């Protein structure tokens, strides 16, 4: 996955000659998308990234709440 800093540098280089070109707009759109994805990944990591029940069941698989049944 491309990192945000590298994408910003590429966008600056792309926009150096023609800052209103389609390539320039697309390059900055890519920066925005990568930045948003990185932000969402950080938020998910801060939140623990998993369901509290899943965490409980990984620690206590024998409990009634965590039983799974095959049909």
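The backbone N, Cα and C atoms fix where each Cβ goes, and this holds for glycine too.
TrEMBL entries are annotated by machine, without manual review.
Taken from TrEMBL as is:
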COMPBIAS  52-63  compositional bias 'Acidic residues'
DISULFID  15-24  disulfide bond
DISULFID  57-66  disulfide bond
DOMAIN    2-71  domain 'CP12'
REGION    36-71  region 'Disordered'
Open item on the list: Tell me the Cα distance separating residue 15 (disulfide bond) from residue 66 (disulfide bond), rounded to the nearest angstrom.
Closed with: 55
- [ ] Could you round the CA separation between residue 24 (disulfide bond) and residue 57 (disulfide bond) to a whole angstrom and send it over?
- [x] 49
Task: the region 'Disordered' (36-71): DSSP-derived helix, strand, coil residue counts - done: 22 helix, 0 strand, 14 coil
Open item on the list: Applying a 10 Å Cβ distance cut-off over all chains shown, what neighbour count does residue 24 (disulfide bond) have?
Closed with: 17
Open item on the list: With every protein chain in view, what's the tally of Cβ atoms within 10 Å of the Cβ of residue 66 (disulfide bond), excluding that atom itself?
Closed with: 14
Task: DSSP state at residue 15 (disulfide bond), helix/strand/coil - done: helix
TODO: Express the predicted model's confidence over the domain 'CP12' (2-71) as a mean pLDDT, rounded to an integer.
DONE: 88
TODO: Write down the Cα-Cα distance for residue 57 (disulfide bond) and residue 15 (disulfide bond), rounded and given in Å.
DONE: 52
Task: Protein Cβ atoms within 10 Å of residue 57 (disulfide bond), excluding its own - done: 16
